[in-house]
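Peer 1: First the structure, then my questions, so here it is.
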Amino acid sequence: MRMAELVFHTGPMDSGKSTLALQMDHAQSAHDRQGVRYAMHDRSGGARITSRIGLSVEAVEVADALDLYQDVVSRLSRGGRIDYLICDEAQFYRSEQIDQLARVVDDLDIDVYCFGILADFRTELFPGSKRLVELADRVVEPPVAPLCWCGRPATHNARIVDGQMVREGDQVGVGDVGGGTEIHYEVLCRRHHRQGITGETSRATLSEQTLPFDGSES
Ligand SMILES: Nc1ncnc2c1ncn2[C@@H]1O[C@H](COP(=O)(O)OP(=O)(O)O)[C@@H](O)[C@H]1O
Ligand SMILES: Cc1cn([C@H]2C[C@H](O)[C@@H](COP(=O)(O)O)O2)c(=O)[nH]c1=O
């Protein structure tokens with residue numbers, strides 16, 4: 001007999017996690033399986049799961065105080081059927097909430113699919129992700145890895161504030177990849193994350209090196 005499982009889909013920002021979350025929800029519900037979607041601090045600012053390819057659906061916002069096990073039990077006791085949970089931005093969940101999800105799998109036999117980044121801009125694990133790695137039946141990487149500006153697979157998330165890559169600050173800072181806002185993120189390979197060389201820095205350095213003259217010549 002198939003047992004329910006706790007699965008953690010993890011990869012850097014922009015690796016297709018929310019897209020996969022929505023695809024899995026769609027695939028499951030197409031076969032009359034009933035699910036509940038949870039999200040926390042979605043970039044849209046609402047209680048939603050939002051993918052950069054344009055899909056977005058409503059979700060239940062996970063407040064810090066929410067007991068996920070009790071929430072599922074109370075939905076079931078109101079007569080609902082639940083076969084699976086989709087939990088996006090799971091890095092932000094408290095580690096106790098991940099324990100509650102493991103209990104949903106074990107005691108209620110409900111599949112739980114979590115999606116989130118592993119580490120923050122300082123390369124430190126988020127508490128929710130750490131607990132997921134400790135408890136999940138499976139940890140899965142999305143099939144399409146984003147690339148660093150150098151062409152290597154991007155594995156690390158850099159936070160850019162006013163154009164500068166930073167290594168200090170609050171762990172939580174909701175934002176998107178790409179420029180245009182005061183705080184944004186860029187995915188880099190480990191080497192360039194360690195060296196602090198972003199795409200913008202590399203272009204500036206390259207153009208300085210390739211200037212045909214230093215301006216003193218006429
Ligand atoms: N215009 C586009 N056409 C095709 N793919 C896109 C487009 N814009 C973004 N993507 C892809 O969407 C993915 C990001 O999806 P998303 O689910 O938002 O990522 P994550 O949740 O991991 O941050 C990336 O793999 C990116 O290549
Ligand atoms: C690295 C890093 C990211 N965040 C935020 C930024 C985004 O709102 C989410 C990640 O979303 P995605 O769907 O994976 O793109 O996390 C943060 O708060 N702190 C960080 O260090």
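The backbone N, Cα and C atoms fix where each Cβ goes, and this holds for glycine too.
Bear in mind that TrEMBL entries carry predicted annotations, made automatically and left uncurated.
Sharing the features that TrEMBL gives for it:
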type	residues	note
BINDING	Gly11, Pro12, Met13, Asp14, Ser15, Gly16, Lys17, Ser18, Asp88, Glu89, Ala90, Gln91	ATP binding site
ACT_SITE	Glu89	active site, proton acceptor
Peer 1: Are there residues of the same chain, six or more positions away from Met13 (ATP binding site), whose CB falls under 8 angstroms from its CB, and which are they?
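Peer 2: In sequence order, Ile117, Pro146, Asn157, Val177, Tyr185, Val187 meet the Cβ cut-off.
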Peer 1: In whole Å, note down how far the CA of Ser15 (ATP binding site) lies from the CA of Glu89 (active site, proton acceptor).
Peer 2: 13
Peer 1: Output: those recorded positions from Met13, Ser15, Lys17, Asp88, Glu89, Ala90 whose CB lies less than 6 Å from an atom of ligand 1, in sequence order; none if no residue fits.
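Peer 2: Met13, Ser15, Lys17, by Cβ distance under 6 Å.
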Peer 1: Within 10 angstroms of the C-beta of Glu89 (active site, proton acceptor), what count of other C-beta atoms is obtained when all protein chains are considered?
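Peer 2: I get 26 for this one.
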Peer 1: Near ligand 2, meaning Cβ under 6 Å from any of its atoms: which of the binding-site residues Gly11, Met13, Ser15, Asp88 fit that description?
Peer 2: Met13
Peer 1: Tell me, how many other CB atoms lie within 10 A of the CB of Gly11 (ATP binding site), whichever protein chain they belong to?
Peer 2: 24
Peer 1: Measure between the Cα atoms of every pair in Gly11, Pro12, Met13, Asp14, Ser15, Gly16, Lys17, Ser18, Asp88, Glu89, Ala90, Gln91, the residues the record assigns to ATP, and report the largest value in Å, rounded to a whole number.
Peer 2: 15
